[in-house]
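Visitor: Supplied in structure tokens, the structure appears directly below.
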Amino acid sequence: MDVRQMKIKAAELALSYVENGMRLGIGTGSTAEEFVRLLAEKVADGFKVQGVPTSERTARLCLELGVPLMSLDELPELDLTVDGADELDRHLTLIKGGGGALLREKIVAAASSRVIVIADETKLVETLGAYPLPIEINGFGGIATRISIEKAAAKLGLSGTIGLRMSGDDLFMTDGGHYILDASFGRIPDAVALSQALHAIPGVVEHGLFIGMASLAVVAGSDGARVIEPVA
């Protein structure tokens, strides 16, 4: 079973948690897109959902496939969000934002009664940090913000390269008009401390650490998909 097949298996199991008539947050990224395709097949057969996308990219795919959408202002309280992750640990602390939608993903997740994370087994790790941590920043004073992040990380014993994300020859820009710094710390032993330190920096809009937000994870491997609940 290749990685895409694993993603499909995870999406299939996650879809079983979606009930007819739900207000559904819909995530961003390659695994979330497999979920959208499967959801669209059910919608075509008469299944009812009201979807809230976490990015313009997800919105375009949903509209293309016929998944009905509303804005979060129209549906400010959601029953469930299904989204992917770039990394997750056994506590279901996540690194997200590889697709550049971390701010909207976090807002939608916070508005949801439950959050299900879908991933292939390569994303499940003992300690977060091998995947670079996305940090969304304001365009004003970006260098000063990066220096502040480096200093805050150093106080926590973290070091590594922190660089602006590019899109071809241009700086990558989020749907909200911000930039992203990708921080390659290698290992993040205390996600809570890092989260607090980053939130204290004025130029940081949001970061890709999702702590205590996931209700469960559906992780697929070569032997199929399984449900993982957070370890206290």
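Backbone N, Cα and C atoms are what each Cβ position is placed from, and that goes for glycine too.
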Visitor: Among LYS123, LYS151, LYS155, which residue shares the substrate site with THR28, GLY29, SER30, THR31, ASP83, GLY84, ALA85, ASP86, LYS96, GLY97, GLY98, GLY99 according to Swiss-Prot?
Guide: LYS123
Visitor: Report, in whole Å, the straight Cα-to-Cα distance of GLU105 (active site, proton acceptor) from LYS96 (substrate binding site).
Guide: 8
Visitor: Cα distance, GLU105 (active site, proton acceptor) to ASP83 (substrate binding site), nearest Å?
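Guide: Each residue's Cα considered, ASP83 (substrate binding site) and GLU105 (active site, proton acceptor) end up 8 Å apart.
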Visitor: Should any of the binding-site residues SER30, GLY98, LYS123 have a Cα within 10 Å of the Cα of GLU105 (active site, proton acceptor), which are they?
Guide: none
